[in-house]
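Q: Quick one: the structure is below, and I'll ask about it shortly.
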Amino acid sequence: MADLSFIEDAVAFPEKEEDEEEEEEEGVEWGYEEGVEWGLVFPDANGEYQSPINLNSREARYDPSLLDVRLSPNYVVCRDCEVTNDGHTIQVILKSKSVLSGGPLPQGQEFELYEVRFHWGRENQRGSEHTVNFKAFPMELHLIHWNSTLFGSIDEAVGKPHGIAIIALFVQIGKEHVGLKAVTEILQDIQYKGKSKTIPCFNPNTLLPDPLLRDYWVYEGSLTIPPCSEGVTWILFRYPLTISQMQIEEFRRLRTHVKGAELVEGCDGILGDNFRPTQPLSDRVIRAAFQ
């Protein structure tokens with residue numbers, strides 16, 4: 001299965017009728033530079049129901065039906081997880097079968113946890129992709145799941161209705177997050193794009209801030225990275241995780257380029273501010289599982 005550079009491999013460039021077109025698009029690079037218009041290359045980025053969004057908590061609609069079937073992450077400890085710097089983010093690829101069900105997800109369907117991705121700012125005043133009442137957090141984690149009941153792979157699920165579910169976790173600065181130490185301790189070894197390292201153990205359960213899993217918002221949106229395909233159910237937890245200043249600084253030492261690469265003028269090569277601007281809500285409704 002491709003890693004969520006699956007974005008840069010199979011999924012970002014769906015099958016075309018013309019092989020030449022497919023070959024041409026596979027070489028397309030994308031980034032977070034100011035003024036970059038993803039929609040010129042990735043048409044889905046021009047969709048009406050894009051992510052991320054600003055979440056206005058006062059306008060969120062309480063939906064008690066979200067609690068009829070409790071949101072149930074059945075996560076298991078992952079052995080030998082691969083952590084990769086893909087030049088856009090840090091990915092933790094999970095090989096153990098962890099699944100998510102219940103809550104806003106279609107009844108009787110399971111969503112398999114594929115990977116964890118990180119978005120962070122160069123400064124603590126920004127970094128999260130979503131904002132709450134226009135407040136940004138220093139970091140946001142995405143737990144990306146695909147519908148393993150309806151589809152055979154994440155590549156098949158992307159862009160399909162009920163294909164992808166993403167848990168978003170805001171991150172604030174405070175005490176050290178013990179569950180993320182396995183990742184932050186090896187970031188110096190994967191400082192450059194294309195570097196990977198296997199960690200012996202990673203427990204995704206440590207990323208869930210609320211043991212009751214009741215305080216969350218839900219809306220329908222898209223991937224926040226190209227191809228920006230829609231059909232994504234977003235579950236955003238109300239209460240943030242906490243990591244230390246030292247831990248987030250480890251992310252800020254990462255680079256967007258391969259070691260020894262010549263940088264273009266005006267680019268310092270630092271990996272950070274890797275968040276997409278918020279997109280219009282349009283006519284979407286944000287639901288809340290709490291009052």
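Including glycine, each Cβ sits where the backbone N, Cα and C put it.
Okay, so Swiss-Prot annotates it like this:
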COMPBIAS  16-28  compositional bias 'Acidic residues'
ACT_SITE  His88  active site, proton donor/acceptor
SITE      Arg117  site 'Ancestral zinc ligand'
BINDING   His119, His142  Zn(2+) binding site
Q: Do you know offhand how many angstrom separate His88 (active site, proton donor/acceptor) and Arg117 (site 'Ancestral zinc ligand') by C-alpha?
A: 10
Q: What's the number of neighbouring CB atoms sitting within 10 A of the CB on His88 (active site, proton donor/acceptor)?
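A: Counting Cβ neighbours of His88 (active site, proton donor/acceptor) within 10 Å gives 21.
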Q: Which is it, of Arg117, His119: the one of these recorded positions whose Cβ has the most other Cβ atoms within 10 Å?
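A: For the recorded positions Arg117, His119, the Cβ with the most other Cβ atoms within 10 Å is His119.
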